[in-house]
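The structure appears below as structure tokens.
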Amino acid sequence: MKLCVIGTGYVGLVGAAVFADWGNEVVGVDIDEKKIKKIESGEMPIFEPGLEELVLENIKAGRLKFTTKLKEGMKDADIVFICVGTPQGDSGQADLSYVLGVAGEIGKNLQKGRYTVVVTKSTVPVRTNERVKEVIQSVAPKGVKFDVVSNPEFLREGYSIEDMQNTDRTVIGAQTERAKKVIRKLYGHLESPIVETDLRSAEMTKYAANAFLATKISFINEIGQLCEKAGANVQEVARGMGLDKRIGTRFLVAGIGYGGSCFPKDVAALSRTSLDFAYDFSLIRGVMRVNDLQKHSFTSKIYQEFKGEALGGKTFAVLGLAFKENTDDIRESVAIKIIHLLRGRGASLRVFDPEANENARSYLGDVGIHYAKDAYDAMKDADALLVLTEWKEFRELDLQKVKKLLKNPTIFDGRNLLDQAEVEGAGFKYHAVGKRTNAYHGTDVKSALLPK
Ligand SMILES: NC(=O)c1ccc[n+]([C@@H]2O[C@H](COP(=O)([O-])OP(=O)(O)OC[C@H]3O[C@@H](n4cnc5c(N)ncnc54)[C@H](O)[C@@H]3O)[C@@H](O)[C@H]2O)c1
């Protein structure tokens with residue numbers, strides 16, 4: 001089929017490449033000229049494992065093209081995908097200006113005599129596709145035939161190609177059988193289930209899925225808080241819980257809280273949607289509050305260790321800037337928020353991320369921050385080491401080398417990434433999340449009210 005993908009960011013660029021790889025003719029459209037030029041010259045605007053090869057292969061095969069001109073991109077397209085951003089608005093709502101703006105442009109460019117399916121892949125609140133349809137109808141030439149479809153995307157950055165090619169499920173929300181048939185043709189070869197539903201349920205599915213995963217994270221973080229106080233170990237508790245198939249081990253990892261370009265804004269948008277429908281979704285408000293507190297619980301351990309509020313004269317080595325491993329994305333990264341908090345108290349930072357140094361530099365600037373060339377460079381003469389993103393390479397640090405480089409053998413592990421026995425055995429003071437360590441800060445179990 002002929003496809004047009006509007007927005008060549010994390011979702012659109014990967015989507016365009018994967019659809020082309022399935023044998024479709026795909027044109028990726030973006031308003032950002034620099035981005036399109038970069039992609040055309042073979043350089044990827046984002047880091048995503050395997051993306052460069054996939055894009056180049058499909059360009060070479062003549063199945064994948066890019067343009068800044070929507071009219072050109074939409075020419076003879078069977079399906080037009082909307083993959084533009086839906087950032088968080090001022091009062092928590094999803095900002096739909098990009099989606100609805102694109103809808104208007106699509107409307108103007110629909111061709112008479114062709115049936116086109118307009119698919120929203122961007123994460124949008126319930127009833128948005130109905131607005132998309134209205135906007136298109138209001139500007140489209142009389143008599144054009146089109147349908148709107150909600151087809152939310154569930155990929156994870158860092159694993160997005162694999163996730164798109166091997167998705168757990170495909171959700172298709174549509175109003176007509178004709179539209180469903182076209183989308184089924186695109187995804188029909190996948191082995192996983194296709195959930196066919198109405199527009200509103202498809203839109204809600206995406207928010208419900210993200211909010212549920214965020215709830216799992218906040219839940220285990222609260223269990224972690226309690227474990228820390230009561231002298232239990234959240235990693236062992238999570239394993240014991242997660243092996244129950246009804247629960248599952250994934251997203252049951254205590255840490256510094258969730259971040260990224262999706263969970264914070266999607267959870268906030270769902271909360272906002274509930275208010276719009278006069279429903280008090282109290283659980284989701286709790287999820288957000290716990291997440292917000294989690295980073296403060298981590299930094300308070302640093303303040304306690306360094307006795308006092310001001311950190312002037314202290315230098316911290318930070319490993320990890322991206323919101324998670326395997327990506328260069330720093331949007332809503334908790335690591336960046338922690339750096340802000342520490343810098344705000346006068347600390348200097350020596351930071352390193354395998355992929356996100358440049359993005360972090362353009363966001364945080366250079367004041368008080370040295371962008372190190374590797375993990376060990378970040379540690380030189382630092383007062384302590386902070387591990388904030390779960391990159392695999394940070395798991396494999398040479399602890400003797402780390403000890404020589406740091407001023408004090410002190411580690412704050414915000415992801416419980418390191419092996420506690422090894423770290424403590426190597427003579428470090430080890431602060432972790434939700435478990436007793438040799439730097440334990442929790443309530444003394446003996447002084448707590450024990451059951452009789
Ligand atoms: N990033 C993820 O992991 C992920 C996963 C699932 C769903 N989503 C959702 O997918 C959507 C896109 O997310 P993303 O991370 O790919 O965003 P992104 O910011 O990386 O990409 C959006 C792209 O849209 C382009 N754009 C904006 N206005 C345009 C216009 N009028 N015409 C053409 N291009 C335009 C921007 O230049 C940018 O390249 C969001 O709604 C997001 O919530 C994201």
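Every residue, even glycine, has its Cβ placed from backbone N, Cα and C.
As annotated by TrEMBL, NAD(+) binding site applies to ASP30, LYS35, THR86, THR123, GLU157, LYS265, ARG331. The Cβ of LYS265 (NAD(+) binding site) lies under 8 Å from the Cβ of THR86, PRO87, GLN88, ALA94, GLU332, each of these being in the same chain and 6 or more residues away along the sequence.
The substrate binding site feature in TrEMBL is assigned to PHE154, LEU155, ARG156, GLU157, LYS206, PHE251, LEU252, VAL253, ALA254, GLY255, GLY259, LYS324. According to its DSSP assignment, GLU157 (NAD(+) binding site) is coil. Taking the Cβ of GLU157 (NAD(+) binding site) as centre and 10 Å as the limit, one finds 25 other Cβ atoms among all the protein chains shown.
Taken residue by residue with DSSP, CYS262 (active site, nucleophile) is part of neither helix nor strand, so it is coil. Residues or ranges marked as active site, nucleophile by TrEMBL: CYS262.
Taken from TrEMBL, the feature domain 'UDP-glucose/GDP-mannose dehydrogenase C-terminal' applies to 317-420.
Within 10 Å of its Cβ, the residue among the recorded positions LEU252, ALA254, CYS262 with the fewest other Cβ atoms is LEU252. Cα proximity to ALA254 (substrate binding site) (within 10 Å) is found for none of the recorded positions ASP30, LYS35, THR123, GLU157, CYS262, ARG331.
Nearest Cα neighbour of LYS206 (substrate binding site) among the listed recorded positions (LYS35, GLU157, CYS262, ARG331): CYS262.
The maximum pairwise C-alpha distance among PHE154, LEU155, ARG156, GLU157, LYS206, PHE251, LEU252, VAL253, ALA254, GLY255, GLY259, LYS324, the residues recorded as binding substrate, is 24 Å. In terms of Cα spacing, the recorded positions ARG156, LEU252, GLY259, CYS262 that come within 10 Å of THR123 (NAD(+) binding site) are CYS262. Among the binding-site residues listed (THR123, LYS206, LEU252, GLY259, LYS265, ARG331), THR123 have a CB atom closer than 6 Å to some atom of ligand 1, in sequence order. The binding residues for NAD(+) are recorded as ASP30, LYS35, THR86, THR123, GLU157, LYS265, ARG331; their greatest pairwise CA distance is 24 Å.
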